[in-house]
Amino acid sequence: MLPQLPQLRRDQFDNLEKHTQSGIEFVERYTKFVKERSEIEVNYAKQIRNLSKKYQPKKNSREEEDNKYTSCRAFQSTLNELNDYAGQHEVIAENLTSQIITELLRYLTELKAERKSHFHDGRKAQQHIECSWKQLETSKRRFERDCKEADRAQQYFERMDADINVTKADVEKARQQAQMRHQMAADSKSEYSNFLTKFNQEQNEHYYTLIPNIFQKLQEMEERRIERVGVSMKTYAEVDREVLPIVGKCLDGMTKAAESIEPKTDSKQVVESYKTGFEPPGDVEFEDYGPGQSMKRTVSETSLSNSRGEAKERPSGGKSKGKLWPFIKNKNKSPKQNKEPLSNRFNEFMASKPKMTCLRSLRRGLSLKLGSGPEDFSHLPPEQRRKKLQAKIDDLNKDIQKEMDQEDALTKMKGVYEKNPQMGDPASVDPRLVEIAMNIEKLQSEVQKFEGWLAEVEGRLPSKSDPPRRQSGLYETQNSNSSTVANNCAQDRESPDGSYTEEHSSETQVKVAIANTPEFDDEFDDGDEETLPTIGTCKAIYQFEGHNEGTISVTEGELLYVIEEDKGDGWTRVRRNEEEEGYVPTSYVEVFLETNAKDS
């Protein structure tokens, strides 16, 4: 009996199948690793870009204005370099995807197909050899059976031939049967011999040719897989290495930006930004009030700021109410605010040339909202105003140059049309030329207007050689200017910014000085102020601390007389007694106007 077919090769096929499957899973795992790294790079680059964008200066913001400082510009350069740095991480993600992930996914598809083909050939060869083995086993069992049958038939013939009682015919029949069985056994033996020879040949080819070839192909497949993984790992490192020079340049740019910071330049920028052009105050003169001394009253910051509530007798014997001056930056601020020297407000007012016909108009002009201002920038200090005007003139000149360039281009086009009518109608250019000419004329008039303001402010700026002069000197006695200013707006005396009480002679001197100052252009006037009539009453619903000049302190529940209602600026003028009056926030009191006052 032949031995069973060896199972060694089949077992190795199973082991190889498990090993190659494990190799494929390893490639898939490595591909997933690279894919996750790519996603991390994309997310990191996105976060870096968002960070850079978050700290970019907003348009028309203070951050954008601060870009004139070297430190701010260095930070801006750092943000730009950081944005480029994020771009390199995006490049890493793109290269990982294109050079590794895509290639490995394609290679995995090919690897799986090749592995499947090799194992299919191996299983086919295994099935073939097993089929040949079964055929050999079948022919062997048939040959064995036929041999046994032939032996039994021969024995039966011999017994029949030895038996004298058996007829000759029966003996002949047994002899023929034995010969037939021997023939069948001989045929089975021949068939078995042929199958055995064939199986041996196929088995030899299977184990020495087919299976080794399949194993060799599987080995080569595995070697290519391992080599491909190694190449991918090297590419993984090279992808990072390729961006290192650019990343280094980004870092070098950040370092260069940091080294470009110049503290002294920034400090000079701050000085230029906030330089006002005001003259520093001079020495305060000694005021002698001793016996027998003529009083030469110099209005100082202290006297201006502390004069609220004082009252001096006029030459006519009447009483003059505290003079209210409108020198304040923003009337609509919270009522509780610190005192500011009146001379500072006066300096700011002197730096501009407001075209107002009365104190009411002046107060409206000085209560401009923060961030807005008149066209001539008169709300700014002289030096800042000069810079703004110069910048405006430069912008207008640029616009004029653009319009002139367009005019030249259209003029040339018109000339071409006139020479070559087939190219276009020369008359079609005329409307645009007229429009441009009007624009240029308008811009030139604007330039002249701003240049006039610029010349005005430059003429008022002090030169470096001039000695310091105290600003309050304008209030000193002016012997050469003793004329009286005409009363143009005596009824518009509303300004909660400051009250001023002075003798009649001092008031006249101050007003003459102001009237003869070119910045005012006779826009302030004086006259004997009459006591304003009472138009109603009011009750304080909140307590108000009148710290600013021109305001009056009230307590909650206090009853006061209304002498002037709110004109839209948020302040109501009230009186407590004959000598004490001022402004209170309208929202702090409940006003009860008289009927005749409402009708009027």
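Using N, Cα and C of the backbone, Cβ positions are placed for all residues, glycine too.
Predicted, not measured: the structure shown is a model, and the values here were computed from it.
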Matching range for TrEMBL feature annotation, coiled coil, among 106-133, 386-413, 526-553: 386-413
Segment confidence, the domain 'SH3' (533-594), expressed as mean pLDDT: 87
Three-state composition of the domain 'SH3' (533-594), taking helix and strand from DSSP: 3 helix, 29 strand, 30 coil
Secondary structure tally of the domain 'REM-1' (379-456) (DSSP, helix then strand then coil): 72 helix, 0 strand, 6 coil
